[in-house]
């Protein structure tokens, strides 16, 4: 019972931390956008996106390997960590040189280059911090990492606001991220050494290192493709259109990124159940998948319709300088539908031992993203990047749903019926928004619209009381192993501020 309670606590810590992270992060982004304007915001995020892409070459899938292997054999933690640290030191040195050389090959001003150099500090420190916390996860302790993730955001928010109030330059504003990274590094080291009792040492075991690379390779490939897919668009925008358009694009990017905590938290509960049903109850696996698709359709559609209707008011939160971000936001937010429903599809493939298929799908989508960005960004700037996000997430859905039908006995009829009901409720809600928009502010409109939408979808039979109880129950289930992987995936995708 103690173990079960501990797992439940870990899951609660992570869920709460994930929500708080998103709220604080988006709040800071709003202040940042208002104070910097599109062009400087673009420089800020180009620097972070550029280094975030290269950061994966320091890790190469070691994080997932470390957590899983330490969980299996905790007495081997020091040996595993010591060998991985030896590898990472070499990779850090090589990656840092590559990033510094690469940024000087592009025609960027000195300010942008300096921002990249500061971002390198964050890249290196965050990589080792994540390694320390990955080891701690192996001991089924997620409390300290959850606390650290929230404090990290609070440091960035508080010192960043001070820097902006004092009208300090962009280098010092980005420096608040480096300050938070230093805190996280020291804190994670302290927890690992004093709370877990792990001594840090550099070790070299040729056979073990060979084994580490062999097991980590599939994780590394997926992480590389995912990282390129997520952040290369900002780099392309900066190079082909300019930092101004990177700043505009970040409005849509940040909103979508912030909303992903909804399917992330839900998937943390869904994945272990799917893994069990795959082995013991295939019909129940189909039911679980259909339910997950229904719930995420019901949640995503009103957000999409509401954002499209209120895009001009939402963008004004970041000041009138971002008026040109309205169209990119309206296009990009449509992708949220596919982003949400791709979560249960990906979870199903992983739970049913189709990880290689997920990786291959991500490769195809990444290549498509690169090709589309190269064509659409020169033509449509930030709107082109938004179109790429929409089209590639649609492609990911198509590639995934093909395999769903090969794994389970799946008929889309039930999901399409719920989709139709949610679509009707969203359209009626949009009509109400159109009427309220000239006379009420965004917060009041959003609140009233949410109440009206969920009342309509309930009356239409889109969901029932049993569905509400099921969702509440799923979040209470103790599934810290998958929750840890969710956090790992969050860090893998690199939530940059």
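Keep in mind that glycine also has a Cβ here, set from the backbone N, Cα and C atoms.
Nobody curates TrEMBL annotations by hand; they come from automatic prediction.
Checking TrEMBL for transmembrane segment across the ranges 115-135, 472-492 points to 115-135. Count of Cβ pairs under 8 Å against the transmembrane segment (212-231): among 115-135, 360-380, 442-463, the largest is for 360-380. Here the transmembrane segment (115-135) touches the transmembrane segment (44-68). Their Cβ atoms form 3 or more pairs under 8 Å, with each pair 6 or more residues apart. For the transmembrane segment (251-271), the most Cβ-contacting stretch among 80-103, 292-311, 323-348, 416-436 is 323-348 (pairs under 8 Å). Using a cut-off of 8 Å between Cβ atoms, the transmembrane segment (416-436) and the transmembrane segment (44-68) share fewer than three residue pairs, counting only pairs 6 or more apart in sequence. Outside the transmembrane segment (172-192), and at least 6 residues removed from its termini, the chain residues within Cβ reach (under 8 Å) are 32, 36, 44, 47-48, 115, 118-119, 121-122, 125-126, 128-129, 132-133, 135-136, 144-145, 148, 151-153, 155-156, 159-160, 163-164, 198, 200, 497.
Same-chain residues lying 6+ beyond the ends of the transmembrane segment (323-348) with a Cβ under 8 Å from its Cβ atoms: 38, 248-249, 251-253, 255-256, 259-260, 262-264, 266-267, 270-271, 274, 285, 289, 292-293, 296-297, 299-301, 303-304, 307-308, 311-312, 314-315, 358, 382-383, 385-387, 389-390, 393-394, 396-397, 400-401, 404, 407-408.
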